[in-house]
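A.B. asks: Once you've had a glance at the structure underneath, I'll fire off some questions.
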Amino acid sequence: KVAIKGIERELICPACKELFTHPLILPCQHNICHKCVKEILFAFEDSFADGGSESSNQSSPRIRIAASSMDSIDRINRSGIKRNSLTPRSTLFPCPSCQRDIDLGERGINGLFRNFTLETIVERYRQAARAAIAIMCDFCKPPPQESTKSCMDCRANYCNECFKVHHPWGTVKAQHEYVGPTTNFRPKILMCPEHEMERVNMYCEICRRPVCHLCKLGGGHANHRVTTMSTVYKTLKEKLSKDIEYLISKESQVKAHITQLDLLLKETECNSERAKQEASQSFEKLYHILEEKKSAALRAIETSKNIRLEKLQTQVEEYQGLLENNGLVGYAQEVLKEADASCFVQTAKQLHVRIQKATESLKSFRPAAETTFEDFVVDTAKQEDILGDLSFHSSGLEIPEINEEQCRMYNKALISWECPEKADSADTYVLEYHKLNKEEESVTWQKTEVCGKSKVLSDLDDDSSYAFRVRGYKGSICSPWSREVIMRTPPAPVFSFLFDDKCGYNDEHLQLNPRRTSVESRAGFPLLLGSERLQVGCYTTLDYIIGDTGIAKGKHFWAFSVEAYSYLVKVGVVPSNKIQKLFHNTHDVTSPRYEQDSGHDSGSEDAFFDSSQPCTLVTLGMKKFFIPATPAAPKDPASRILPLPSCLGICLDCDRGRVGFYDAGRMRCLYECEVDCSDLMYPAFALMGGAAVHLEEDVTAKYREYHDDI
């Protein structure tokens, strides 16, 4: 029998760190106090209202929101209605135990089950903890006697005599359920939180929670597999009993593990002290090297200073000798007083040379030594970078690798990386990136800390190349930097639109998905009927579809992908004044009569074909990209055929009147031409036969998580 005092850790609320009070079961199967849930939701509302500031993070004295949980504030849906002071309006918060985002739905806290079993265990623990404090009878005349029973139906405590008086034999009250003295009176029947008047009598195996018969008939569990409560009770009780028996039977093994863990604790203490000493010695070596370098640098500066001062002082003395009655001038004046010619000539010849040198020095004055010490400036930029990256390196943390296939550059940048499966996984990662600029001599890396293995960046410039690298951290240990990966952003801001299902849309030949982000041409019965025109030497026409939003000015970019099985697809732009002509073109553009390569040797056919087209389009199909035949294009047809990129992009510059077609994966221009942008311009697509086009989705903060779930 497990001692009640040994399970206290299981009875502590993870939010308030106190014994559970009216515990509720969260969808992640962790428990939390009813009051704590409300306070957490209120705290998140207040934090969001104050912009997530640190001061607003202390709205409750019992609850402290972790810093990692503050990222969830942005996902809370806020309306303009002021909240009720008793009921939190928000229904999204992180579980204090596992940090998983919990969405309580429309019913909020009322949709959670109360954990009566845990509540009873907590009450038994409280009674054991306050065994010296007796629970008195609620019905005794003063002085009250100590209670011996508690009636769960009457929700009151009784001594033996009072219980007999209030529960006489042979009456309905005699059938009441009674337990030992307690202050915790829980309901006898567990009611459904969604249908308050119905008791739960089934268990949903999909949602793993008790439900009532109304939930199964027409509620949220109508199509779920359910079983009877008695069956689940029996099954879970058998499993729990077997597991408990197994743990009890392994008591000796558990004790051996505890002994081993105690040894590991001591070994960890010793190893940590040894690691501290080694780290301290390493830094002491660095300090010693720096002190030596510092002393050498200071000595060199001091020596240079003394030499320069000596030179300057000598120069000062020389110039002082040029003053009247002082030094050289004074000596020369005395020599001039010599009357003997031979003696004067003997002395004055060398003196005259010295006087000439002094005269020349006056004409071209130059200090004997430099006053600046620019040659003694210590450049520590590289050493500072190295010291900034100084950390514990471990062979257990492998170098993460940026996965270029999973990375995306669109309206935002999605950078994704992965680590070898055999290596220890890092707790956090640091992603660094910088813009490639030839003019800048030094590189300044921008840094961001990431908990997962992907990051969405939104502060990158258009039409620019960036270098990315990542490293993993596990505590104080870090891995080396990954290989740098260079990626390029789109040439212009991303233009978002959907396929237009109204203007000229042919639902017999084309099929849109519900979100209007994909279009597919149907090669069905209507197409077979149209193929009857083959008898008169003419093929079926193209089916056009345009975007639902136009462009009036500026520079814009959008991307899409074409299925590999597509036979013929045309993409480009169309002005608003030619949309009707696009959908009601009298010419059959796929007729052999108007084929550009129909065999005619004159250029009149191509000229007529180009002038007859209402829009600027390029041809794709059969995994190929066809560069239009223009005077500037290569004459060899084979050189105008390129492999079809996995993702294509179109850049429309209305101000310059240019449209470019890009390999959106590498952001490389494949073809560019002039276009008349005097009217509103719309993205245009044309399909024939089996073909499909998918618009590229915008990158959002939840993009990677959404696609991982798929």
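The backbone N, Cα and C atoms fix where each Cβ goes, and this holds for glycine too.
Checked TrEMBL, it gives:
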- 187-229: domain 'B box-type' (DOMAIN)
- 258-285: coiled coil (COILED)
- 336-393: domain 'COS' (DOMAIN)
- 396-492: domain 'Fibronectin type-III' (DOMAIN)
- 477-704: domain 'B30.2/SPRY' (DOMAIN)
A.B. asks: Would you list the DSSP helix, strand and coil counts for the residues of the domain 'Fibronectin type-III' (396-492)?
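C.D. replies: Going through the domain 'Fibronectin type-III' (396-492) residue by residue, I get 0 helix, 43 strand, 54 coil.
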A.B. asks: In the same chain, who gets a Cβ under 8 Å from the domain 'B box-type' (187-229) while lying at least 6 residues past its ends?
C.D. replies: 25, 29, 107, 110-113, 116, 152-153, 177
A.B. asks: Please give the average pLDDT for the domain 'COS' (336-393) in this predicted model.
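C.D. replies: 78, rounded to a whole number.
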A.B. asks: By DSSP assignment, list the helix, strand and coil residue numbers for the domain 'COS' (336-393), in that order.
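C.D. replies: Tallying H, G and I as helix, E and B as strand, the rest coil: 34 helix, 2 strand, 22 coil.
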